[in-house]
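*Asks:* When I checked Swiss-Prot for this same protein, it listed these features:
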type	residues	note
BINDING	Gly13, Met14, Ser15, Gly16, Ala17, Gly18, Lys19, Thr20	ATP binding site
BINDING	Asp63, Met64, Arg65, Ser66	GTP binding site
Amino acid sequence: MSDEQIKLVIVTGMSGAGKTVAIQSFEDLGYFTIDNMPPTLVPKFLELAAQSGDTSKIAMVVDMRSRLFFREINSILDSLEINDNINFKILFLDATDTELVSRYKETRRSHPLAADGRVLDGISLERELLAPLKSMSQNVVDTSELTPRQLRKVISKEFSNQDSQSSFRIEVMSFGFKYGIPLDADLVFDVRFLPNPYYKPELRDKTGLDTEVYDYVMSFDESDDFYDHLLALIKPILPGYQNEGKSVLTVAIGCTGGQHRSTAFAHRLSEDLKADWTVNESHRDKNKRKETVNRS
């Protein structure tokens, strides 16, 4: 059993107030997330999580979809209060009746408490039943005027144990066009216009991470010119992607085989961006040619 205290966030609130967006936001922040958790299973789940020691941050949606919600939630919260291994908070999402009705009309879904089909009646009953839980919540967020992106920013600011910049990650990868463009790439750049080290016998079996290849690739004026333009393009747009709520931006740089030119450029870009951002560097096809030769 781990001695580390489990950080638990119970996401609840009005139906239609944004709990789906919220739980996705917690997943982006590195939380283990569970949607529609029956209250009776919460203690057992937390016990297993503590025993495994693998999960230190958990966010779970507990709401009206569980029929025993109101009967069980108070006793569950009482048990959490006296558990020294659990540090829990309640995030209560709310919105005005007008906004909730509008959202239900837009999605054409029925309210879980609207027995006769009238959405407003269901909202009124739910608001009355949830009032005690709302009063116990440490975090109450009114989402009436928030876009999904804005709600994600609110949650990130409140519940991330890192600064907002480090919760946004940049994946810089090299690849070979002959093996296909990466499906998850957001930005793709082509460096096949540069001289190819493959045609230098002494460089053919090396990669862009080797000093000899890197220096060769970067020795040309067009390499420096292109890189300067590349960096000048990417740096100003990163805050925009971050502000839009994107958690990972994948920048892919390709050459013919992904072994020499693209690898050198991806490495250089990664090193320069690491001064200000969280960056992960990878080289998808760096060893593809060597593997192919060995199999033949």
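Glycine is treated like the rest: Cβ placed from N, Cα and C.
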*Asks:* Would you count the other CB atoms within 10 A of the CB of Gly16 (ATP binding site), including those on all shown protein chains?
*Replies:* 25
*Asks:* I'd like to know which of these binding-site residues, Met14, Ala17, Met64, is least surrounded, judged by other CB atoms within 10 A.
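*Replies:* Comparing Cβ neighbours within 10 Å for the binding-site residues Met14, Ala17, Met64, Met64 has the fewest.
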*Asks:* So around the ATP site, Gly13, Met14, Ser15, Gly16, Ala17, Gly18, Lys19, Thr20 aside, which residues have their CB within 8 A of the centroid of those CB atoms?
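*Replies:* Result: Ala22, Asp63, Leu93, Ala95, Thr143.
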*Asks:* State the three-class DSSP label for Thr20 (ATP binding site), counting H, G and I as helix, E and B as strand, and everything else as coil.
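*Replies:* For Thr20 (ATP binding site) - judged by DSSP and reduced to three states - the answer is helix.
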*Asks:* Residues with Cβ closer than 8 Å to the Cβ of Lys19 (ATP binding site), same chain and 6+ apart in sequence?
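*Replies:* Looking at Cβ-Cβ distances below 8 Å from Lys19 (ATP binding site), excluding near sequence neighbours, one finds Val11, Thr12, Gly13, Val61, Asp63, Leu93.
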*Asks:* For Thr20 (ATP binding site) and Met64 (GTP binding site), what Cα-Cα distance in Å is obtained after rounding to a whole number?
*Replies:* 13
*Asks:* Across all the protein chains here, work out how many other Cβ atoms are within 10 Å of the Cβ of Thr20 (ATP binding site).
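*Replies:* Around Thr20 (ATP binding site), other Cβ atoms within 10 Å: 13.
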*Asks:* Cα-Cα, whole number of Å: Gly18 (ATP binding site) versus Met64 (GTP binding site)?
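*Replies:* About 14 Å separates the two Cα atoms.
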*Asks:* Within 10 Å of the Cβ of Gly18 (ATP binding site), how many other Cβ atoms can be counted across all chains shown?
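*Replies:* Around Gly18 (ATP binding site), other Cβ atoms within 10 Å: 25.
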*Asks:* Distance between Ala17 (ATP binding site) and Met64 (GTP binding site) at the Cα atoms, whole Å?
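*Replies:* Distance between the two Cα atoms comes out at 12 Å.
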